[in-house]
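Chemist: Have a look at this one.
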Amino acid sequence: MGWTSPVMNGLMGITGTHEPLDRPLTLEESSWVSSLLPLGAIFGPLCGGIFIDKLGRKFTILAMVGVPSILGWILTISAKNYGMLYAARFLIGISTGSASTLGPVYVAEISSALERGTLCSLPQLMISLGILLEYAVGPYVSYFALGCINLAFSVMFVVVSSWVETILADRLGRRPLLFFSTIGCGVSLTALGAHDYIASRDASAVSNIEWFPIASLVLYNIAFSVGLGPLTWAIMGELFSNKSKSAAGVLCGCFGWIGGFAISRTFQPISSLSGAFVAYWIYAASSFAGFAFMVFFLPETKGKTLQEIQKDLAIFGPLCGGIFIDKLGRKYTLLIMAGLPSILGWILTISAKNYGMLYAARFLIGISTGSATTLCPVYVAEISSALERGTLCSLPQLMIALGILLEYAVGPLGRRPLLFLSTIVCGVSLTALGAHDYIGARDRSAVSNIGWFPIASLVFYYIGYTVGLGPLTWVILGELFTSSAKSAAGISCGCFAWIAGFAITRTFQPIVSSAGAFVAYWIYAACSFAGFVFMVVFLHETKCKTLQEIQRDLDR
């Protein structure tokens, strides 16, 4: 959704060239490129509603979210004119609309009342991370590279997140996926090294295959996400008894992050001394060595109890418990070791004045990351069944993010207070942004010393939106209706939301041109305040309530 921001000036010929288009986009065409995504999103819920009850929630999400997104990014990468961009944005809009409507419906049906709020808030977290990726990476890579990155995520969603982790990991087993993963990583890195080797001798020999390094990295990331990324932590949570999980987790986690530190610290020196291809081939050799190790020493753990796994191994005895994990418990140790060092690390990063403070900050954040990836699989493996273990243990970092970011927000406070706060903050931020533009339009010097103010207003707007309006409207959608009514309700609400989104993106530029940006901001602010009034009068609290309790409240 944030793709247009880093690329639009280039496509319009304002900065750099208008490649890959045959001519620059006009202002009107750029407006359509931006607004066709929400227009396509209107059709996502409509099409999804037709198939959701026939094909089932899961396969409808795969078909309506993954396939249009992949086609859209392929069209984006190969676009030569504005028509191809229009089609691409429309297809990606169908994917976005389907995801925002069908996802909460599916999650609300498979989760309990206590977990529902946290899980249904996940789409907004993913949207925020996606937009952040576009803003952080987009300005520094080419149009083609950014398109390939987005395509890779779409492919991984279909192939990895929805197919491999939830189906293959618990059907094919851990070993086949790890074998494929290590071979795939090794081959990709070997190919990447070969390209760099040839280019260092004769750059003209690889001038026509500039796409090759990106393709190699995409294949590497896919292969890594299939096995080495999630399943190593899943297996770590399965191999050891409760008493030995603490010590085993500490040892495995330390070894893993020592390896990560060694790679990140030695890559540049190796590249400077011998060339990047040497580093790539060393990492490829490590992947092939990992394959050999798994063939000879790794037992299959799929669907087996701890006793069966231990019987296969016959070499692991109980180890001493960790220092904190057995004294404080798994949950509180996760909160302390993953949360506090991260907070302190980012405070140090913000206030850093020299490299020493940055060193300390990165070290603390490393403690947090290492703790999360080590302790979370231990905790999840103990509370899950053998059939669920592979899928759940594959998502440690996601669970940590949800636990810290959403558990303390959505859980204790409820939906109404957060939505009240969200609408007020959005309204105030947009009002302030409009006031700055209004004053600046009449006297530029009056706002010359507060150039930071619009950015601060937008930051507060995004915070306010992400706290409530972004995730919780879809959470409540999944809670208010019965299973039989969810499809129709999802279609209606999703279409209305994306019609409004299309209206905003399509009318913003005309309003700015005819009346000024401040008018548009104040109209949007008035909508936010109107939403606050609506929620105060009509919205019931749904937190931790069953469908019957929610329906009873609505009937009053």
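Numbering starts at 1 and runs along the chain as displayed.
Heads up, the Cβ atoms here are built off N, Cα and C, so glycines get one too.
Automated prediction, rather than curation, is the source of TrEMBL annotations.
Annotations per TrEMBL:
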DOMAIN    1-543  domain 'Major facilitator superfamily (MFS) profile'
TRANSMEM  59-79  transmembrane segment
TRANSMEM  143-164  transmembrane segment
TRANSMEM  176-194  transmembrane segment
TRANSMEM  214-235  transmembrane segment
TRANSMEM  247-267  transmembrane segment
TRANSMEM  279-298  transmembrane segment
TRANSMEM  332-352  transmembrane segment
TRANSMEM  358-380  transmembrane segment
TRANSMEM  417-439  transmembrane segment
TRANSMEM  451-476  transmembrane segment
TRANSMEM  488-505  transmembrane segment
TRANSMEM  517-539  transmembrane segment
Chemist: Under a criterion of three or more Cβ pairs within a distance under 8 Å and sequence separation of at least 6, are the transmembrane segment (517-539) and the transmembrane segment (279-298) in contact?
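Modeler: Contact absent: fewer than 3 Cβ pairs fall under 8 Å.
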Chemist: With pairs 6 or more apart in sequence, are the transmembrane segment (417-439) and the transmembrane segment (279-298) linked by at least 3 Cβ pairs under 8 Å?
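Modeler: As far as Cβ distances go (cut-off 8 Å, pairs 6 or more apart), the transmembrane segment (417-439) and the transmembrane segment (279-298) do not touch.
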Chemist: Return the average pLDDT for the domain 'Major facilitator superfamily (MFS) profile' (1-543) as a whole number.
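Modeler: Summing pLDDT over the domain 'Major facilitator superfamily (MFS) profile' (1-543) and dividing by its length gives 74.
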